[in-house]
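Positions annotated as active site, phosphoserine intermediate by TrEMBL: B:S537. Under the heading ATP binding site, TrEMBL lists B:G463, B:L464, B:P465, B:G466, B:S467, B:G468, B:K469, B:S470. Sequence annotations record features per position, and here TrEMBL assigns domain 'Tr-type G' to B:16-227.
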Amino acid sequence: MTQTRILSRDQFTTGLAQPRIMDDLDQLEAQSIFILREAYRKLKPLSLLWSLGKDSNVMVWLARKAFMGHVPFPVMHVDTEKKFPEMYAFRDEYTKKWNLDLLLGYCPPVEEIDPSLPPAARSAARKTAGLAAMIDKHKFRGVIAGIRRDEQATRAKERVFSPRGAGHRWDVRNQPPEFWDQYATPYEDGMHIRVHPLLAWREIDIWRYIEREGIPLVDLYFAKDGKRYRSLGDQDITNPIESNASTVAEVIAELETSRTSERAGRAMDHESEDVFERLRVAGYL
Amino acid sequence: MGDNIVTESFSETHRAAATPIVIVGHVDHGKSTLIGRLLYDTDSLQDGKLAQIVESSRKRGLAVEWSFLLDSLQIERDQGVTVDSTRIPFRLGSREFVIVDAPGHRQFLRNMITGAADAEAAVLVVDAKEGAQEQTRRHAMLLRLIGIRHVIVLLNKSDILGFDEAQIVKVESDVRQLLGRLEIEVEAVVPASARDGDNIASRSERSLWYKGPTLVEALANVPPPASRAALPFRMPVQDVYRFDGIRYVAGRIERGTVRAGDRLSIGAQGQVATVAEVCRWHAPELPVAGAGESIALRLEPDLVPDRGDLLFPADDQAAAPERSARIRTRLFWLRGEPLRVGESFTLRLATAEHDVTVASIDAVVDLEDLTLREGDSVPPDGFAEITLAASHAVLFDPFSPGFGDGRGVLVDRYQRIVGGAPLIGPAELADGEHAIHPTASRVSAARQVQTRGHKSGVFWLTGLPGSGKSTVARAAELALSEQAINATVLDGDTLRAGLCSDLGFSPEDRHENIRRAAHVAKILAESGQVVIVALVSPLQADRAQARQIVGENFHEVFVDTPLETCEKRDPKGLYAAARAGKIPEFTGISAPYEAPVSPELRLPADRPEQEAINTLTAFILRIVQP
């Protein structure tokens, strides 16, 4: 095929192939790919937290976009052993289908967790301890996590590249500046960077992207007998919502009119005003 | 073929991305209140959120406080200031916005930049009664430097002035003049009360004289981002991969368009390749990609560019980027210590990294009136124009508001981002000036600590001749070596025997002697070495200059031996000679010695010498041990 190769204003009207106009999902996708590629280049060893929920599936998908169908680093599932059976089946199926290098981590029993935390938060903090053990064991310098700003006010304060110091603590008052797509890199031993490629996405963006790309999900997100899960945590601290949305399109339609927050079904968020921040400073996602 | 693909009915499903709006202004001028009010007036609150505000307000025994909506962190409420930027979506008709709340508290400038850098437009909140304050000017300056194109001014709390036209017009004219000096185009100046809702979403009954837009109308008028598609192509290489036997050159297109068949120049070396394929995974196959897309290219021949190499159209001089090893740049400075000439950094420019040195500080912004003044340092949170010298030619496009070009960021040896540098253009070299392009070490400070087992530092011993500086320094050097710490001693006589053998003892020569010693100490410390300098260095001003040259690694140690003791010891017979008039300008006898006012360590003379050695060794160990 012969083409004129130098771009000029006139040629815009002469039938040369034009780039697509990027819509909001295209822009989010391009930015997330950029972030994932930065992480892969700058942070070694690197791994991606795969919680088996909708957001982390989107994240695995975006990694495949960034790396031409491959995920060139391990994905990590930190198992509380209290997930829904459907989630374990999903994990095993897609580890194979997507050719993932899966690392499994386990969480200490709840008795070993800070007893001053309210019960549901204490249960959730098990995951933090399990994650910390995995990071130490594999000496990860980068951990990719699927949190979003719109989920929870404390997460709205996050950086795309969020440094974690000794003991994996998040120093929320002393975060580095982050602008013009220039991200923090590790500056001392023992620290790692949490990478958040989905920070700018909203819940509805995730669902519209799942619809557009045909990304598979655990069935629990879809209504059965008038109830479905909007957010998936451990079985004992996650509650389903009233809903008849049984397809991705119906979930999107439901969200477009919904005015309650996504984590309404997560018990620990409601126990006290500052509990979520306490969890996050200690390393919770 | 390709033409058919791109004419798909895309416009019907097209959804524009949300427009980011940053809200800035002086502390207590009402930013958080404004955001709470905007969300309420535009019906953008989630059900749970309003209940949260009511509950939080009730717990504190207050009426509904709009600002609580944002103060979601416990620590913020304890301090009464917003700590970091937050993003909140809201909708006006069919258009979506994201509000970025930026704190007004001065020490949190870096958080404000983090929030504001991506914004398309800014609302600058100014208290109508107080007018522009220090942070108003600072934030306005920053809006210009980070490249915000559209600024709406909200004169908040106008109710305090009773919405009086004459008073408000006066404040408006002051603010317009201020922003005019920064070449910022003001979209609207809206007299308003965020607390009561006047001229926010609905027109106020209290300002019937005002014919301009409400805040919401002004926001709706913000035009969509300018298209970058028609500009010459730029893609900084982000990485190069090899998957399934194919080499991919990955990156995000900063501007322009690329098509299969295009001939591209690669970086500064002048290699040229043709685009064999525009590659994506799980996406419509298109032989073309435009600005903003993260793609991968297959090149023919199959070259391996480096990360940071800029790809741009070959064979078209007009479409090529600037190329210079000296660059003039604006600067917003984020480090806690001032910036000085001669400091070295990594300049990050998109994915490229260049070693640069600050060749000159050309002007510093006076934050009282935003004028440019001469200056030899840039204070923390300050603004300036400087010249950077790189170790090799840098390809770049000058900074332009609303575009990704020329967004330089300075990073120090600790990998900290210490400044933003919107590049202005190549720097001209003054006649007769030699262009020097110093290089900086690629070894990070952390790596040095790792290989050496200790940190570096410069310990500057000052005191009268014969006070025991060299003796204590040499003994400490030995004691440190027993702890596996490498130290170098630079003492006066040793320097004067070689490096400074051309110098005498006039004030000018002493000054030069100290300047040279400080530079040598700096070079050694930057390579990870512990340096003990033993120099009379009698003048406060000379030691201050040494501190300036060395930087934050400088530690002043006063060997505080009184004149009588020194003269009594007189190990080299110098005092006797000076008293006899044989040595002119001898410190303590015929030349002044200015004792340090607040040295970091004082070694008193009334103790045995071994104690001074132990004290100095312990002091150094405390600082250099990791």
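Just so it is clear, glycine is given a Cβ too, placed from its N, Cα and C backbone atoms.
In sequence order, B:A534, B:V536, B:V559, B:T561, B:C566 are the same-chain residues whose CB sits within 8 A of the CB centroid of B:G463, B:L464, B:P465, B:G466, B:S467, B:G468, B:K469, B:S470, the residues recorded for ATP being left out. Averaged across the domain 'Tr-type G' (B:16-227), pLDDT for the predicted model comes to 80. Using a 10 Å Cβ-Cβ cutoff, B:S537 (active site, phosphoserine intermediate) registers 28 neighbours. With a cut-off of 8 Å between CB atoms and residues at least 6 apart in sequence, the same chain places B:T561, B:C566, B:E567, B:R569, B:D570, B:P571, B:K572, B:L574, B:Y575 near B:G466 (ATP binding site), listed in sequence order. Cα of B:L464 (ATP binding site) to Cα of B:S537 (active site, phosphoserine intermediate): a span of 9 Å.
A distance of 13 Å separates the Cα atom of B:S470 (ATP binding site) from that of B:S537 (active site, phosphoserine intermediate). Least packed by the Cβ count within 10 Å, out of the binding-site residues B:S467, B:S470, is B:S470. On the backbone, the CA of B:S467 (ATP binding site) and the CA of B:S537 (active site, phosphoserine intermediate) stand 12 Å apart. Cα-Cα distance from B:G468 (ATP binding site) to B:S537 (active site, phosphoserine intermediate): 14 Å (rounded to the nearest whole number). A 10 Å cutoff on Cβ-Cβ distances gives B:P465 (ATP binding site) a total of 25 other Cβ atoms nearby, all chains included.
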